[in-house]
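Per Swiss-Prot, the features are as follows:
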BINDING   G38, P39, S40, G41, C42, G43, K44, S45  ATP binding site
DOMAIN    4-246  domain 'ABC transporter'
Amino acid sequence: MVELNLNHIYKKYPNSSHYSVEDFDLDIKNKEFIVFVGPSGCGKSTTLRMVAGLEDITKGELKIDGEVVNDKAPKDRDIAMVFQNYALYPHMSVYDNMAFGLKLRHYSKEAIDKRVKEAAQILGLTEFLERKPADLSGGQRQRVAMGRAIVRDAKVFLMDEPLSNLDAKLRVSMRAEIAKIHRRIGATTIYVTHDQTEAMTLADRIVIMSSTKNEDGSGTIGRVEQVGTPQELYNRPANKFVAGFIGSPAMNFFDVTIKDGHLVSKDGLTIAVTEGQLKMLESKGFKNKNLIFGIRPEDISSSLLVQETYPDATVDAEVVVSELLGSETMLYLKLGQTEFAARVDARDFHEPGEKVSLTFNVAKGHFFDAETEAAIR
């Protein structure tokens, strides 16, 4: 059983006036697949490196299986890492690359052979064991890098953007490979990415991080915005940042006020809210106050039947760009000065400049405080 506890971890670099990572607090369960996701500079890789022992922890405690390991060397933490750049030895065969770490730890020849061949079978590399890295595709090289970690049989696997060097098609297949490998070996895993699709498809839980400029503007501070399952983050974002980061295309946002049971914006949006939403917002003190209304592209419909059923939730907007994606069409539209997106039926393709009527499924909308950007519930 392997659990990790990151107890209020802080990181400040020498000669810096601010923390690069601030109050990172997380408990990771045995065999859990955790993904750190966020924009560049949010501290996700720095946090991973602190777990690995490659960066010192300025403040806070890191525990592995209940033992504080802040001062333990990386080699003594029983952690295996997979990096973005593969880090393979070009003059060695696949077999020798995978066996190298075990040889350094003085494993017997028989034990090395058994572990390498087992890992190769899991990763589909058996027929490539005698080849050199130059003779492999990008995806095969990444599997070798993963194999080198798997043979270690480490307590914890750390993966730092392992798919970012691969093309889009290969990333999709490798995501499936990583998920399959995790199910098979069941190791506690921390995975870092800037790609929210990777996070949503791989994670048991996601840690969303943000970066904000420090007061003197000399750097950024990385903070945790929300931790939860992919479904929790998608359906119940804690704030506007999380709502806008998770989902592709991103959630649409409108600056609105509530007037006579309707959401009203300066750009011409006027749609009725549900009775339950109205009561909730008024009970929270948002009657006649500015707030932010968020709605996902898939919750906006161009169906005539829906428009006839919900006329008080329908608006007219101008098409800016229309993308036919085969099974669906993405409409990028403008309402006054506000741009937004709608995911509609493939047949609803429109030329730029056309006016279209769209119905908002307000019941699936989200509300955020205009000042704090925190979710209103």
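Cβ coordinates come from backbone N, Cα and C, glycine included.
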8 Å Cβ shell about G38, P39, S40, G41, C42, G43, K44, S45 centroid, ATP site members excluded: T46, H194, M209, S211, G222
Cβ-based isolation winner (fewest other Cβ atoms within 10 Å) among the binding-site residues S40, S45: S40
Sparsest-packed among the binding-site residues, when each Cβ's other Cβ atoms within 10 Å are tallied, from G38, P39, G41, K44: P39
Integer average pLDDT (0 to 100) for the domain 'ABC transporter' (4-246): 92
Nonlocal neighbours by CB distance (under 8 Å) for G43 (ATP binding site), same chain, sequence gap 6 or more: K11, S20, V21, F24, M209, S211, I221, G222, R223
In the chain carrying C42 (ATP binding site), residues 6 or more apart in sequence that have Cβ under 8 angstroms from it: M209, S210, S211, T220, G222, R223
